[in-house]
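Asker: Here's the feature list from TrEMBL:
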type     : residues            : note
ACT_SITE : HIS65               : active site, proton acceptor
BINDING  : ASP66, GLY71, GLU76 : Ca(2+) 1 binding site
BINDING  : PRO149              : substrate binding site
DISULFID : CYS34-CYS102        : disulfide bond
DISULFID : CYS108-CYS304       : disulfide bond
DISULFID : CYS186-CYS218       : disulfide bond
DOMAIN   : 24-308              : domain 'Plant heme peroxidase family profile'
SIGNAL   : 1-22                : signal peptide
Amino acid sequence: MASTIGIVMMMMMMMVPLTCLASELSVDYYEHTCPHVDSIVAGAVHKATMNDKTVPSALLRMHFHDCFIRGKNKAEKDGPPNISLHAFYVIENAKKALEAICPGVVSCSDILALAARDAVTLSGGPSWEVPKGRKDGRISKAVETRQLPAPTFNISQLQQSFSQRGLSLEDLVALSGGHTLGFAHCSSFQNRIHKFSPKQGIDPSLNPSFANTLQSKCHIENKVKNAGSTLDSSATYFDNAYYKLLLGGKSILSSDQALLTHPTTKALVSKYADSQIEFERAFVKSMIKMSSIINGGQEIRLQCNLIR
């Protein structure tokens, strides 16, 4: 996910209740109505990735956002935490190709779920069967992107945000591993490297030399629009380096560091740092669980940036 990515709470009363209803979805949902959906979406993702190596992280982040809020059209994708989601065109291109052969059949939400899977696979990560059958939401407001967990969240806030969507601490740690792909703008972590507290300029949980590196990229009065840092040392390759760096005091976001402040999440960070296989197994399980959140969608959009 660079994305991050910010991602909560107070607006849940305004939302259709979100529960994990995987039984309403099926990996064979389009078997008879649009049997080539997987390959068409994969083709669009592959073409875009060949031209821009940042596409996979953007697609993964978009899917995360889509699962946490109501839909995706111009209002939502232009919300504050989503401004950097520059790869929306990939979803629109895939939708256009699908409309040409099976019009009005495949939802934008399903396209995004497939694209996120393909983004991980193309980056050297695992593949999995994506349950399909989502409908697209009819409500999408830029203000609702503020529900996304913020990069400054502590473990209690993260736990609350995820649990409101039926996701556990185990899901939180596994899905956070999506930060192995991605980039964070300076504004997402300035709080850790400048004026951390009245007595400390830098977050003491940061490795000092790493903190100095971040400061060199993000000056206290940063004016560079695209300044920032990759979220791990292999930002275009899907691996478990994120967890290793986290244990070494080289995490970027406060919300990443928060995973070490709870015994359950800290143990999982260590587990995934030790085993790429265990991380990938948990990531796939949590991705399927997250993507099975039902958002109350009612339609199949003909264009992903427009509500009918």
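Numbers run from 1 along the shown chain.
Glycine is no exception: its Cβ is also placed from the backbone N, Cα and C atoms.
TrEMBL: automatically predicted annotations, no manual curation.
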Asker: Counting other Cβ atoms within 10 Å, pick out the least crowded of the disulfide-bonded residues CYS34, CYS108, CYS186, CYS218, CYS304.
Answerer: CYS34
Asker: Rounded to a whole number, how many Å is the Cα of CYS304 (disulfide bond) away from the Cα of PRO149 (substrate binding site)?
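Answerer: Cα to Cα, CYS304 (disulfide bond) and PRO149 (substrate binding site) are separated by 24 Å.
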Asker: For a quick check of packing: other C-beta atoms within 10 Å of the C-beta of PRO149 (substrate binding site), how many?
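Answerer: There are 24 of them.
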Asker: List the Cα distance (Å, whole number) between CYS218 (disulfide bond) and PRO149 (substrate binding site).
Answerer: 22
Asker: For CYS102 (disulfide bond), what is the tally of other C-beta atoms lying within 10 angstroms of its C-beta?
Answerer: 16
Asker: Going by C-alpha positions, which of the recorded positions (CYS34, ASP66, PRO149) is nearest CYS108 (disulfide bond)?
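Answerer: Of all the candidates listed, ASP66 is nearest in space.
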Asker: Based on Cα distances to CYS102 (disulfide bond), point out the closest of the recorded positions HIS65, ASP66, PRO149.
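Answerer: That would be ASP66, nearest by Cα distance.
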Asker: Select the closest residue to the residue listed as 'active site, proton acceptor' from the following recorded positions, measuring between CA atoms: CYS34, PRO149, CYS186.
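Answerer: Checking each of CYS34, PRO149, CYS186 against the residue listed as 'active site, proton acceptor', the shortest Cα distance is to PRO149.
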Asker: When you rank CYS34, ASP66, PRO149 by Cα distance to CYS186 (disulfide bond), which of the recorded positions ends up on top as the closest?
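Answerer: Considering only the listed recorded positions, the nearest one is PRO149.
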Asker: At the level of the C-alpha atoms, what whole-angstrom distance separates PRO149 (substrate binding site) and ASP66 (Ca(2+) 1 binding site)?
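Answerer: With the alpha carbons as reference points, the distance is 13 Å.
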Asker: Expressed to the nearest Å, what is the distance separating CYS34 (disulfide bond) and ASP66 (Ca(2+) 1 binding site) at their Cα atoms?
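Answerer: The Cα atom of CYS34 (disulfide bond) is 23 Å away from the Cα atom of ASP66 (Ca(2+) 1 binding site).
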Asker: Over the domain 'Plant heme peroxidase family profile' (24-308), what is the model's average pLDDT?
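Answerer: A mean pLDDT of 89 is what the predicted model shows over the domain 'Plant heme peroxidase family profile' (24-308).
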